[in-house]
Amino acid sequence: MGINLLPIEMDEIRKRLGREPNETEWRVIDAVWSEHCSYKSSKIFLKSFSIDSPNVIMGIKDWQDAGAVDIGDGWAVVIKVESHNHPSAIDPFNGAATGVGGIIRDIISKGAKPIALMDMIRVGNLKIKKNVWLLKNIIAGIAAYGNSIGVPVVGGELSFDDTYNDNPLVDVAAIGIVRKDKIKPSIVDKAGLKLVLAGLTGVDGLGGASFASRKLSGEDEIGAVQIADPFAGKIILDVTLEIADKVEAIKDLGGGGLAVAVTEITNGLGATVDIEKIPLRVKNMNPSDVIISETQERMLYAVEEKNVKEVCEAFEEYEYPCSVIGEITNEPVIKFRYIGKDLVSLPTNVLLNPPRFLWPIKNTKKNVEEKIVDLPLESAIYTVLTHPDLVSKGWAYSQFDYEVNTSTVVKPGDADSAVVSLPNGKLLAIKADANPDMCAEDGYECGKGIVAEAYRNLATVGARGMVAVDHLQFGDPKKAEVYYTFVEAIRGIGEATRFFNIPIVGGKVSFYNENNQGRPIKPTPLIVMAGLVQDKLLKNRVEDNLYVVSVGYTRKELGGSLLSKIFKIPSQAPKVRLQEDLLSSEVVIDSINEGKITFAKDVSRGGLAASLFSILVHGYGVEISTKSILSDTDNVIENLFSESSGRFIVLTNEPEWIVEKSKSKGIVASIIGRVNKKTNILTIDNIDYNLKNIVDNYFNFLEEVMGNG
C-alpha cells in the first residue's frame with residue numbers, strides 16, 4: 001500500500017476502530033497522521049512556545065493555517081513560514097514554486113492580502129554541478145510564482161554547506177495584511193455548512209505528505225511533487241479575498257489534500273464528501289487518489305447554503321472550477337463517498353488525535369579543548385570574506401520583482417532587514433535567521449541565538465520585534481542525537497522569545513532531512529521575526545570621515561563561527577546573553593530615533609571583519625584599531641572573527657554620544673576606527689589590506705558561478 005505508518009500506529013488504529021481499515025482509509029490515515037501534518041513527534045514541545053500577549057489574535061494555541069497579531073488602527077498582520085524541501089530536491093523549479101503558492105494560500109485563508117515574501121535557501125557546495133542546477137531552478141521557481149502572482153520577494157537568506165548537498169532547504173515566509181475584524185478561521189464551529197471546493201484535482205502530488213515525512217531514498221517518484229500554476233494561483237488569491245465575507249471558514253489544500261483539509265476544517269465535527277462532485281483535471285481518476293491528491297491552487301470553503309451560489313459565481317467569472325462537494329455534519333465522522341458508497345468512514349477524533357511520540361535523546365555536547373588561534377591575518381581575512389555565505393545575493397534578488405505593489409521600502413540586500421509599508425502608514429520590518437553551524441555545536445545556545453540575531457537585525461532599521469514564526473528542520477527524530485538537538489533548540493527558542501516577549505504565532509517542523517545513506521543535515525531551526533519601526537527608519541548611508549563605533553562586548557568565542565568551520569578550529573559555542581542583545585538593540589534604536597547614526601549592522605556571520613567589510617562594498621575604506629575593541633582577548637583573529645552575540649557596528653559623526661548612550665543602558669561601546677576614501681582598503685592596526693579582489697568577488701561570485709554552471 002505504500003503506507004509510511006509505524007507498526008505500533010497501525011495496531012493503534014485497529015484497536016481504536018475495532019476493525020481493519022480498508023485500503024483507502026489507510027491512505028487517509030497515512031496522510032493525516034503523517035509527521036508533516038500531525039506533528040506527532042514535536043507537538044508536545046511546541047506548546048512551550050505559547051505566550052499570552054494582548055496583541056495576539058491568532059496564535060500557536062489556535063493551531064490555524066497562519067498566525068495573526070494586532071498592529072493598531074484596526075489592522076492585523078498575518079504571518080506564516082513553510083518549506084518544500086523534499087519536493088525541491090527532486091524537482092527544484094516546481095518544488096520551490098509550489099512552496100510559494102502554498103504559503104500564499106495560507107495567508108489568504110485568513111482573509112488577508114499577501115504583501116511580502118521572503119525566501120531562505122540552503123544548498124550544498126557550488127563546486128558540485130548538481131547544486132548549481134538546484135539553486136538555479138529553485139530561484140527560478142520562486143521568481144516565476146512570486147512575480148506572476150504579484151507579491152514581492154523582499155528579502156531572505158542564501159547560504160551554502162556540504163550538509164545540504166543531497167538535501168536543499170527551501171523555506172518561504174509570507175506576510176499579509178487584513179482588518180482584524182475580518183480575519184477568517186480555518187475551522188468551523190457548526191454543522192450544516194456546505195463544503196465548496198475551488199480548483200481542479202489531478203494526479204500530481206500523490207502521497208506528498210507521506211513523502212515529506214521520510215528520508216529521501218534516491219528512488220522517489222516525481223509524482224510526489226506538485227506542479228505549480230501561478231496564474232491559477234492569482235485567481236484563487238483574488239477571488240478568495242473577494243468572497244471572504246461570504247464564507248465561514250477557509251482552508252488551503254496542502255499536504256494530504258482533501259483527506260487532511262476536510263478533517264482539519266471540521267474542528268471535531270464531521271463531514272461527508274461526495275467524490276464524484278469533485279472537478280477533475282484527469283478523467284477517470286481513482287477515487288482514492290482524488291482524496292489524497294495534493295494538486296495545487298485549490299481552496300476549501302465552508303459556506304452557508306444561502307451564499308453558495310454567490311461564491312461559485314465569483315469563480316465562474318474567471319472560468320475557474322467551483323463545486324459543492326459535501327457538508328459539515330454533527331456526526332463526528334469523516335466520510336468520503338463515491339456514487340453513494342462509503343469509501344472512507346473514520347471517526348474525526350481518531351484522525352485528529354494521532355499517537356504522540358517522545359523519542360530517546362542523547363546529549364551530544366562535547367567538551368572542547370580551547371587552542372591558541374595562530375593564523376595569518378591576511379589568510380583569515382581572504383578566506384572568510386570570500387566564503388559564498390558572505391557574497392552579494394544580487395544574482396537572486398535581480399530575478400524577483402521586489403517592488404511590485406509599491407510597498408517595498410528597503411530593497412533586498414540594502415539592510416539587515418526588509419521593510420514594507422502598511423495601510424495604516426506604519427512600517428513593518430521582517431527578518432529571517434538561522435545558524436546551522438552553531439546548532440551543530442549547541443542546540444540550546446543556537447535556539448537563543450537565532451532569536452536574538454533576528455531581534456538585532458530588526459533594530460538596525462529602527463524596528464522592535466513583536467511577533468515570530470519558526471521552522472525547525474532536522475534529520476530523523478528517532479535518532480537520539482538528532483532529537484536531543486531538536487529539543488534543546490526548542491528550549492533555547494522558547495527562552496529567548498519569552499525574554500523578548502515576542503509570541504511565536506505559528507511555524508513548521510520538517511524532520512527526515514537526510515540523504516539515502518541516512519546522513520542528516522546540520523540542525524537548521526529558523527526564526528522569522530517581524531516588528532514595527534518605532535519612530536524613524538534608518539536607510540544605511542556611508543560617508544567619508546564617519547566614526548566606526550562598536551556596541552557590545554566581544555568574547556573569545558569562535559565555536560560555530562565561519563572561521564572555525566573553514567579552519568576547523570575547536571572552540572566553545574558562544575553563550576547568548578539575552579540581556580546584552582536587548583540593551584544593545586535599544587541603544588541602536590534610540591540612536592536611530594535621535595538621528596545620531598547613518599549606518600547600523602549587527603555583528604554575526606563572519607564576525608566584526610564581515611561587518612566592517614559591509615562598509616567597504618559601499619566604495620569606501622575603513623581604518624580600525626583592534627586595541628580599541630572592548631573584549632576578553634588580545635588575539636586579533638579572535639577579536640575580528642568571533643561571533644559573540646549582542647553586538648553592532650554603527651557609523652556616526654557623534655561617537656561620544658553613542659558611547660554615553662550605551663553606558664546609560666549598561667552596555668559597553670568604543671570608538672574603533674573611521675571611514676575614509678581609500679577604496680577597498682581595510683586598515684587594521686596601521687597595516688593596509690587591499691581587498692579589491694574580495695570586493696570584486698562579493699559582487700560577481702554568484703553571477704559567475706551560476707553563469708558557468
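Using the three backbone atoms N, Cα and C, a Cβ is placed for every residue, glycine included.
If you check Swiss-Prot, you get these features:
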{"type": "ACT_SITE", "residues": "His36", "note": "active site"}
{"type": "BINDING", "residues": "Tyr39, Lys80, Asp470, Gly507", "note": "ATP binding site"}
{"type": "BINDING", "residues": "Glu82", "note": "Mg(2+) 1 binding site"}
{"type": "BINDING", "residues": "Ser83, His84, Asn85, His86, Arg105, Gln226, Glu294, Thr295, Gln296, Ser510", "note": "substrate binding site"}
{"type": "ACT_SITE", "residues": "His84", "note": "active site, proton acceptor"}
{"type": "BINDING", "residues": "Asp106, Asp252", "note": "Mg(2+) 2 binding site"}
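Following the DSSP three-state reduction, the secondary structure of Ser83 (substrate binding site) is strand. A 10 Å radius around the C-alpha of Lys80 (ATP binding site) takes in these binding-site residues out of Asp106, Asp252, Glu294, Gln296, in sequence order: Asp106. In the three-state DSSP reading, Asp106 (Mg(2+) 2 binding site) counts as helix.
Distances between the Cα of Tyr39 (ATP binding site) and those of the binding-site residues Glu82, Asn85, Glu294 are shortest for Glu82. Report note: the ATP site is defined by Tyr39, Lys80, Asp470, Gly507, and the residues of the same chain whose CB lies within 8 Å of the CB centroid of those residues, excluding them, are Leu46, Ile60, Val81, Val469, His471, Leu472, Ile504, Gly506, Lys508, Val509.
Residue density at Glu294 (substrate binding site): 31 other Cβ atoms are found within 10 A of its Cβ, drawing on all protein chains shown.
With the fewest other Cβ atoms inside 10 Å of its Cβ, the least crowded of the binding-site residues Ser83, Asn85, Gln296 in this structure is Asn85. Counting every protein chain shown, the number of other Cβ atoms lying within 10 Å of the Cβ of Asp252 (Mg(2+) 2 binding site) is 24. Comparing CA positions across the recorded positions Ser83, His84, Arg105, Glu294, the one lying closest to Asp252 (Mg(2+) 2 binding site) turns out to be Arg105. Per Cα geometry, Glu82 is the residue among the recorded positions His36, Glu82, Asn85, Arg105, Glu294 nearest to Asp470 (ATP binding site). Taken residue by residue with DSSP, Asp252 (Mg(2+) 2 binding site) is part of a strand. By a simple count of nearby Cβ atoms, those within 10 Å, the most crowded of the recorded positions His36, Tyr39 is His36. A separation of roughly 12 Å, to the nearest angstrom, links the Cα atoms of Asn85 (substrate binding site) and the residue listed as 'active site'. Within the same chain, residues at least six positions away from Gly507 (ATP binding site) with a Cβ under 8 Å of its Cβ are Leu46, Phe49, Ile60, Val81, Val469, Asp470, His471, Leu472. Taking all protein chains in view, 27 other C-beta atoms sit within 10 angstroms of the C-beta of Asp470 (ATP binding site). Same-chain residues at least 6 positions away in sequence with a Cβ under 8 Å from that of the residue listed as 'active site, proton acceptor' are, in sequence order, Gly95, Ala96, Thr98, Gly99, Gly102, Val170, Val172.
Asp106 (Mg(2+) 2 binding site) and Glu82 (Mg(2+) 1 binding site) have their C-alpha atoms 9 Å apart, to the nearest angstrom.
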